[in-house]
Amino acid sequence: MLPLLKKLYLTFARSSRIIITLVIIDQLSKWWFIDNLRWKSGLMLKVTSFLNMVYTWNYGISFGLMREYYQYSNAIFLITNTIIVCYLYYLMIRSKTIGSFAGYSFVIGGAVGNLIDRFFRGAVFDFIHFHYQNYSFPVFNLADCFIIIGVIILIEDYYSTKKVIEEKAKGNYDNAQIEAMAEKIRNTDKGGNDKIASLQN
């Protein structure tokens, strides 16, 4: 029981630093742009030819999806997102690699940042808008970026871990083959010691 509690405490302490830092960055960026963009003409600040900072409230999910269901979305998304965050935290506690730990921390940090918006403001504030010629990418925020970064880290960690496991399994298989051949030589050849040594080298 004590080792489990210790693990939970250490996981909470380590993840909290990452998650809280990401939430603070997300909330400060939203606060700054909410305070400054509302006074801009057209509620927009042009940064480059392909990047604008815009004043947008998202009543749907990430990147403005499902915003047409705004009359139901806030309560539903508050409940479902809270459940998802709790489940992700459970997975993070069980994570066995630094990559998966970091990935879950980023996803949780981004999700919590948007949850705070939805709880206190009734919608998520989005302000980053990429566009090129006739193509316009959905408006998003830093919390969405953190979620994407976390997912990328988790995918990379999954394939890296899978590769290590496969290589280890292959190594164990090769060792088993050598042992089987050595045993066969011992049983069939009195002078098998030299051959066994050559196999092991």
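Cβ coordinates are placed from backbone N, Cα and C, and glycine is handled just like the others.
As written in Swiss-Prot, here are the features:
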- Asp126: active site (ACT_SITE)
- Asp144: active site (ACT_SITE)
- 73-93: transmembrane segment (TRANSMEM)
- 97-117: transmembrane segment (TRANSMEM)
- 135-155: transmembrane segment (TRANSMEM)
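Non-local neighbours of the transmembrane segment (73-93) in the same chain are 7-8, 11, 15, 59-61, 66-67, 100-101, 104-105, 107-108, 111-112, 114-115, 118-119, 122-123; each lies 6+ residues outside the stretch with a CB under 8 Å from one of its CB atoms. Ranking the active-site residues Asp126, Asp144 by C-beta neighbours within 10 Å puts Asp126 at the top. Distance noted between the C-alpha atoms of Asp144 (active site) and Asp126 (active site) is 9 Å.
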